[in-house]
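S.K.: So TrEMBL lists these for the protein:
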type	residues	note
DOMAIN	B:82-275	domain 'ABC transmembrane type-1'
TRANSMEM	B:21-40	transmembrane segment
TRANSMEM	B:86-108	transmembrane segment
TRANSMEM	B:120-139	transmembrane segment
TRANSMEM	B:151-173	transmembrane segment
TRANSMEM	B:194-216	transmembrane segment
TRANSMEM	B:254-275	transmembrane segment
Amino acid sequence: MTMKRRRAVFIAACLLPGLLLFALFKIYPTVQVFHKSFYQWNGIGDKPVFIGLDNFVEMFQDDTFLLALRNTGFLMLIVPIVTIAIALINASILTRSKLKEKSLYRTVFFFPSILSFVVIAILWSFIYHPTIGFLNSGLEFIGLGEYAMSWLGDQRTVLWALAVTLIWQAAGYYMVMYMAGIDGISPDFYEAASLDGATRLQQFMYITVPMLWEIIRITIIFSINGVLSISFVVVSIMTAGGPDRHSEVALTYLYAQAFTNSNFGYAMAMALFIFVISMLLAFLSNRMTGKEAN
Amino acid sequence: MASIPGAFKPAKRSAGAIIGIWLLRLFLIAQAVIVLYPLIWNVLASLKTNQEVLESPWTLPSSLQWGNFVAAFTSARMGDYMLNSVLVVILSMAILLVAAVPTAYVLGRMRFFGRGFLTNLYMAGLFIGGVYIVVPLFIMMNELGMLDNRFWLSAVYAGGILPFSVYLLTGFMKAIPHDYEEAAMIDGCGYFGTLFRIIMPMARPGITTVIIFAFFDFWNEYVLASTLIASDAKKTIPVGLSNLMQIQKFATDWGSLFAGLVIVLVPTVFIYVLLQKRLTQGMMMGGVKG
């Protein structure tokens, strides 16, 4: 009996610190997001007023929010596809070829994924800088000076410029994941394929990609979620949503609504909406890629 | 090489292979340059005068401007920010380990009512990123008087990475054979003794992996730090840097900004080079194979 009690006390003591942290800094705020998104709440001292679904209705009449949503959608579409493609190609080159220095490439390519987003955002602001940036001066150097432009200041290029930054940041991370996966594929498959005369490209398309499909599916979801949160830091430092809101993303707009305009209820409704959308996207991509594999 | 006559068939084939390898190599080197050049440029720019930074991004500094680093530490307060960052990383790590290791142990190795539910609850926590809940977190911490406080910021960090850490550590805990605990119990080692003296040393690879991931997460975090800390004296390095960036946009005194960036990069590079292998291995365990 005392043994049993001692065991119960031990279990409780082990779980308590974690549960306290988790409840206070994760569960409670999450519950608040769900709850307060149905309230109008304009500032710390203000009393929240229940307004039902009004926040959600307002969202779809808010042009800036819709633009931010479109920009986010653009990044969520382009960045994962290109990142995963580059990562897959590099991973299969590094695992399937006999280059002596391949571990060096792995070390270098993975490096951006441990850098602070702030550092990355500042560095890339200077790459794109209209006067001192080395993208423009590089273009001039190779005689394409006429294409030099203010990459972050032009609404036609700003999202692409941000997308490149996000891809630069993440490609090495997924590459390492795929390399682990490829290491797990039996070399017999490749041997048999090359005996049958399959080219490297065919081996990539018909062995590597199908065998990695489960990992690819997971990384698509990782990448979609990653874009959502990293774009927040990158946009707030590199463009602040400019020019003229053309690089505003959902989370920067939400943040500004909360902390600049004190529209707490509205901001939480947006958070809930974006959360649900990203969950739906994850579910959808899972369903789509799952069918393709069958 | 291509002009070798057809009589040397094997040589010709290997010439093709060599060209292929060099094409691949060129492709990889080009990418390596794209990854590394911004960082090299940053180091060079941190040693240049303003004038040189403005002139060309390709030249070497004519003389090394160590004064930029002095300015970064003094007028730009990088030293203070760095101390804050170190403090927050240490605090967060301590809180995280106190919370995560026992939780993972109990969830991974003991059977009790509610275990499945708790495991799923932590799993669900994996999907709730900091940016979604930053608004209610700010309001709650304001009400509880927890804002502008490095300890509570650390607690938020620890809570943020807790689900991932529990998830990763539980896997490690499950892999330890049960015989060890039974033997320890028979030897009169209590529950806590077993955890600290038997299990923790055995789970060390897992704990190290968690520490490495948590380090990068804490050291680089920006959104929460910029929201939950208000006074300049308590800011961490990423926030300090982004402030510096906003100021330098108008002041165009680039030197100390670039020096500041280098100051942030150095510990990251150092730890990365030291732990690179374990990091990529850990990523495979935590990220994919579970």
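The backbone N, Cα and C atoms fix where each Cβ goes, and this holds for glycine too.
Tell me about the setting of these features in this model.
M.R.: Away from its own ends, the transmembrane segment (B:21-40) comes close to residues 265 of its chain (Cβ-Cβ under 8 Å, at least six residues beyond either end).
Beyond its flanks by at least six residues, the transmembrane segment (B:86-108) meets 115, 118-119, 122, 150-151, 153-155, 157-158, 161-162, 165-166, 169-174, 195, 199-200, 203, 207, 210-211, 214-215, 218-219, 225, 236 of its own chain at Cβ-Cβ distances under 8 Å.
With a threshold of 8 Å between CB atoms, the same-chain residues lying at least 6 positions outside the transmembrane segment (B:194-216) that come near it are 89, 92-93, 96-97, 100-102, 104-105, 109, 161, 164-165, 168-169, 171-173, 176, 180-181, 184-185, 268, 271, 275, 278-279, 281-282, 285-286.
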S.K.: When you scan the chain for residues with a C-beta under 8 Å from the transmembrane segment (B:120-139), skipping those not six or more beyond its ends, what do you find?
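M.R.: Tertiary neighbours of the transmembrane segment (B:120-139) are 103, 107, 147, 156, 160, 162-164, 166-167, 221, 223-224, 227-228.
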